[in-house]
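To start, I am sharing the structure in question, which I have written as C-alpha cells.
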Amino acid sequence: MKRYTVKDIEALLPKLGADDPRWEMLRQDERKSVQALLARFERQKARRHAIEQRWEELMRYERELYAAGVRRIAGIDEAGRGPLAGPVVAAAVILPKDAYLPGLDDSKRLTPEKREALFAQIEACAVAIGIGIVSAAEIDERNIYEATRQAMAKAVNALSPPPEHLLVDAMAVPCPLPQQRLIKGDANSASIAAASVIAKVTRDRWMKELDRRYPQYGFARHMGYGTPEHFEAIRRYGVTPEHRRSFAPVREVLKASEQL
C-alpha cells in the first residue's frame, strides 16, 4: 500500500465498498498522514449517516400519510408570536414525496446563513409554498393567538395545488382540511420544519426592511423582540405603527410616556 500516495488514497476512499479488503490494508498503513485521512473520512461518513438518519426521522409522519394514500401534505408553522413589533408570519409548504433536504431542522436551531441556504433549496424543490402575514394592527384587534391562526389559514389558502392533509406545529388551523397537531412539530416533521424556515426567513427579511424605515429601533438586530436596546428605543422615540400596542411591555411604556 506504500506505493499509493496520500492523494491517491484520498481519491480511492469514496469508491471502496464496506467489505473491500483494502480497508484493512489502509488501517495497517503506518503513515500518520494516511491515518489522519482515514479518521477524517470516518468522521465525515458518520456525519452524513447522522444527517440521513435525521431526515428519516423527520419524514416519519409524512411517510405514514403517503402509505395511507395521501399525496399532498402541507406542513404549517409560524414566526413572530412573541416580538413586540412587526407581523406574525405563517408558512405552508408541500414537499415532494422524494424530497431530501439534508440539514433541515427547526429554524430556531439553524444559523441565519443555514436558514437562507435552506430557504433557497425549499423554494427550488417544493410542490407549493403559501405565506400568510398578519400585521401588528390586526394582532392588536384580535389577539396574538387568533392572529396566528388567521396567518396560518392565509398560508394554507395560498397553496396551489391545494393540500389534502395538514401537519401543524401545535395549533389548529381554522379550515376544513384534515390535520394533525404535533407538539414541537418543527423538530419532528420535515414539512413543518420547511415551513418554519420559510416563515422565519420571510419575517426576518420583513424586519430588515422595517429597519431601513426606522433605523433608530435596531429591528434588523432584534427582529422586534423585547431586548434592552428595543425598550430603550421605545422609551426614547415612542412607538411606530409596527409596534403591538396590546402587548404589555409596549403598553407599559406608552402609559409611562402618556402616549396611550
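Cβ coordinates are placed from backbone N, Cα and C, and glycine is handled just like the others.
Just lifted these from Swiss-Prot, have a look:
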type: BINDING; residues: Asp77, Glu78, Asp169; note: divalent metal cation binding site
type: DOMAIN; residues: 71-259; note: domain 'RNase H type-2'
Looking at Cβ-Cβ distances, which residues of the chain lie under 8 angstroms from Glu78 (divalent metal cation binding site) while being 6 or more apart from it?
Val88, Val89, Ala90, Ala91, Thr148, Ala151, Met152, Asp169, Met171, Ala199
What residue among the binding-site residues Asp77, Asp169 has the most other CB atoms lying within 10 A of its CB?
Asp77
What mean pLDDT does the predicted model reach across the domain 'RNase H type-2' (71-259)?
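Average per-residue pLDDT within the domain 'RNase H type-2' (71-259): 96.
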Taking the center of the Cβ atoms of Asp77, Glu78, Asp169 at the recorded divalent metal cation site, which other residues in this chain have a Cβ no more than 8 Å from that point?
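These residues sit around the divalent metal cation site: Ile76, Ala79, Ala90, Ala91, Met152, Val168, Ala170, Met171, Gly185, Asp186, Ile192, Ala195, Ser196, Ala199.
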